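Colleague: Sending over a structure as structure tokens; questions will come in a sec.
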């Protein structure tokens with residue numbers, strides 16, 4: 001019997017956890033599916049396009065050939081020619097002339113492009129060239145960006161709850177340590193004695209019988225003794241009948257074994273979870289200095305890992321790249337040689353954007369409070385002083 005009850009408790013706990021995690025998993029899974037579908041779409045459209053060499057490309061080759069004819073054996077003169085003519089010529093060149101579309105628009109390259117679109121990073125080094133690709137990119141961003149912000153808000157609630165609980169526990173621990181330092185030995189012992197006495201008093205008190213409980217009710221006191229006895233007898237019979245009820249059908253027993261997991265109630269709770277998105281983020285009250293410290297540590301960890309496969313980046317450049325990415329600025333001045341390795345870092349980007357989003361939300365709240373104080377202060381200064389006239 002004990003093992004059966006433990007199994008039922010375990011199943012109930014698993015069901016509760018499943019229905020609590022279900023809304024959050026739906027958002028993340030939908031974003032992953034959306035990214036994979038976009039990668040398949042763009043790799044097919046942009047990767048299979050035909051490269052037509054334009055007249056500008058031919059003019060570029062002609063200019064480059066004329067410059068190469070003027071090169072001499074003197075390296076100093078060649079450097080001057082390079083600075084003046086070749087550098088300007090290559091600035092006018094199109095990057096698409098030197099890269100095969102199939103090499104750029106692979107599945108992982110397209111997936112990386114999709115992540116930069118709906119996260120609004122947009123590095124600018126990969127972009128659609130075909131007309132249909134540009135139209136589909138606008139349509140893809142139109143639905144992908146709201147989905148991404150929905151995931152950020154939902155995951156931001158979880159991070160806000162974790163941060164607020166951790167901060168509150170830290171404050172409680174800090175107050176306990178301060179209280180233990182300030183607390184003298186005599187007062188603490190007196191307090192312990194009072195607690196022990198209170199506990200012994202609670203243990204000594206016996207529970208009331210059913211007769212005493214019924215007699216304490218005002219409605220029962222007014223009735224005659226024979227009616228009171230009959231009422232007690234009916235209550236005892238009803239209690240016995242509850243224990244002798246026949247076995248319930250297994251199809252009903254699955255849900256009635258845990259009433260709080262009834263299908264109607266479960267769906268109501270799932271809908272309530274969707275409705276509560278963003279509420280925990282609004283309630284978050286953590287010092288902005290703590291959030292800045294969390295962001296610095298978070299970016300520093302990535303900046304230490306990223307140069308392992310991006311060998312051209314050192315710690316400072318990787319830190320700059322991660323900051324520009326998480327703040328969705330995305331200049332595109334730092335290009336990645338191995339975007340498929342960075343895709344495994346996509347979870348880091350999403351969580352990091354949520355942390356930055358929380359920091360921006362806290363900074364916004366602090367700015368609003370500051371503006372209110374400034375406006376109220378200016379309003380008090382400009383208010384005319386009340387004149388008191390003699391009666």
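Cβ atoms are placed via backbone N, Cα and C, with glycine included.
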Colleague: Under TrEMBL, the annotation transmembrane segment belongs to which of these stretches: 342-363, 364-385?
Modeller: 342-363
Colleague: Which residue range, 67-85, 86-104, 105-123, 162-180, is the one TrEMBL calls transmembrane segment?
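Modeller: So the range that TrEMBL calls transmembrane segment is 105-123.
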Colleague: Using DSSP, what's the helix, strand and coil tally for the domain 'Potassium channel' (102-159)?
Modeller: 44 helix, 0 strand, 14 coil
Colleague: By DSSP, how many residues in the domain 'Potassium channel' (294-364) are helix, how many strand, and how many coil?
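Modeller: The breakdown for the domain 'Potassium channel' (294-364) reads 51 helix, 0 strand, 20 coil.
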Colleague: Which sequence positions outside the transmembrane segment (21-45), separated from its termini by at least 6 residues, show Cβ-Cβ distances below 8 Å to it?
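Modeller: For the transmembrane segment (21-45), the list is 105-111, 113-115, 117-118, 128, 130, 132-133, 136-137, 140, 143-144, 147-148, 150-151, 154-155, 158, 270, 273-274, 277.
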